[in-house]
Each structure stands twice: as structure tokens, then as C-alpha cells.
């Protein structure tokens, strides 16, 4: 039966600032989000059973409706029930999991985005990227970004996207302790408890701050593709609560700096940390140096690069 194979990239945050509390209970955010060259692969295949069947060999990936990929299929089947009924059958979703789980890299969100793109193609729905991103926002704050990828300034909950010039090819080293997981709700709730008194209190103040960030140093550095300046402007509010709670993450960050990373930061709610490098050779050397110094079997390291594409699909 017909199938599509999709590549679904991880993301890092080059910037994350929490502005305040929204009426819907979420935080108002300003982020610069960036896809990287570390991918999950997802096969979306029509079946005759009428069911959603989710397959993945990774022991930490749930095969139930708690998985965003599963919920993405449910959403498409519900929203396009007439087309689903005409097509007949269900869908088999097979995930090859290469992106670390619970790592602040949008691994679950990008899989959900891939299922949306795959079913759009499989059922010949003809949805545009903005239409897919509107659906994606119902699944999670990072999912709309994962559809298109690239370099983007994201506001609201993260679903309002404004493209920036691509930064293709900048080498990075990515690192995560496999024995550390950070709960995203915990990170944001702890930040609120510790720093909520400093939140901006109204939408007008949020807009003013967003304008300042749009005109600020990081955006200018991205427009100029100035790696040194980008590294200088990296910022993540959630480091204020995660690093004190997880000293190994702080140690990892410090180790990257010690061995010459141009810039280093935790991505999202962590615990993944990335380091920007000038050249691939520097990135490869940095990976070896950090692995040797920390000498921890639970520490996983990857050499990869900044990459612009979001979800990519091939017919099988």
C-alpha cells in the first residue's frame, strides 16, 4: 500500500525569553528556533485495518495516544473524516528514533509534524504549509515550527512564526546525559515561582519587548551570519532554574567553553547542551575533548550542523 518516508529534524533554541503569563495559562515567549542536521525518520503507510498503529524500537517512546505522532494521526482522521472514510483503512506509523527523548530538542513535536505532512500527501489533501501549521498548533507549541523548520523567531506560545535568514552549515556539537531528563512543565512552573514577579504584565508591554528583540543584536547577527556575534547573543531564561538543579548540565556547558566553543547554551528546557563551532574540524575535536574530560558513559555527543529544511518527504 502507499507510503511516505519523512525526515524530521531536531531543533535547538538560539534564544528563549519568557515575557509573562497568558490568559490561557501558557507563557508568552520570544524564541529564536533553529533546525539542525539530526533527524528522526518516520514512515507513514496506509493500512486496511482502519486503526492507527504506532511502531518504534526505542524503549522510551510511547506507542499510545500520549505520543504526538499518534495524536497527529487522530487529528487528521477527525478533521478530514469524509476523506478518511473515502480512502478507507487506517495508518501505520513507524518511527526510527535518532533524536534524544526528553531533551529539549522537539523530538516528539517533529514526529507529530511529520505525520501531518505524511497524511497530507498520502490522502492528497492539498493543504498548504500555513494550513498544516494551523493544525499543528493544536498538537503543541513547537509543532508548527517543525513543519517548516529553518531559522525562525517565534512568539506567542511559540506558534507565531517569523522567518529569518538561513544559517545553513554552521557546525555544532550536541550533548545530552542519557540519565537526566527535565520535565518541561516543571521548568516553566519553577521559573514562574522564582521569577514571576518580574513578568511583564500586559500585552502592550509584551509587544514593546518583542520589538526590541526583533531589532536586537541576535537578529542582526543572524542577518549577517556572524557566528561570533550569534554566540555572544545566545540566551535561555530556563537555564536559571535548570542549571542549579542539574549541576552536570552546568558542568557540560563549562566544559564546552573551556575547550574553545565559540558559544554554548542549553536548548529549550534541557538537558541538551549545544556548542557552536567555526569549522567541522573544530567540532570533531571538541567532541573528543569533552568526552575525554568528562569520561561519563551516560554522556552522548553528536557532531552535526545547522540545517534549514523542516519536514522532507519521499514517496515509497
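Cβ coordinates come from backbone N, Cα and C, glycine included.
Pulled from Swiss-Prot, these are the features on record:
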- 11: active site (ACT_SITE)
- 100, 101, 102, 103, 104, 105, 106, 107, 108, 109, 110: ATP binding site (BINDING)
- 142: active site (ACT_SITE)
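Sequence features annotated in Swiss-Prot and their locations in the structure.
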{"residue": "11", "record": "active site", "contacts (Cβ under 8 Å, 6+ apart)": "33, 34, 35, 36, 105, 106, 110, 142, 145, 146, 149, 267, 268"}
{"residue": "100", "record": "ATP binding site", "contacts (Cβ under 8 Å, 6+ apart)": "107, 176, 178, 272, 300"}
{"residue": "102", "record": "ATP binding site", "contacts (Cβ under 8 Å, 6+ apart)": "60, 181, 182, 183"}
{"residue": "104", "record": "ATP binding site", "contacts (Cβ under 8 Å, 6+ apart)": "13, 182, 184, 266, 267, 268, 269, 270, 271, 272"}
{"residue": "108", "record": "ATP binding site", "contacts (Cβ under 8 Å, 6+ apart)": "67, 68, 69, 101, 140"}
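Take the mean position of the Cβ atoms of 100, 101, 102, 103, 104, 105, 106, 107, 108, 109, 110, the recorded ATP site; other residues of that chain with a Cβ within 8 Å of it are 10, 99.
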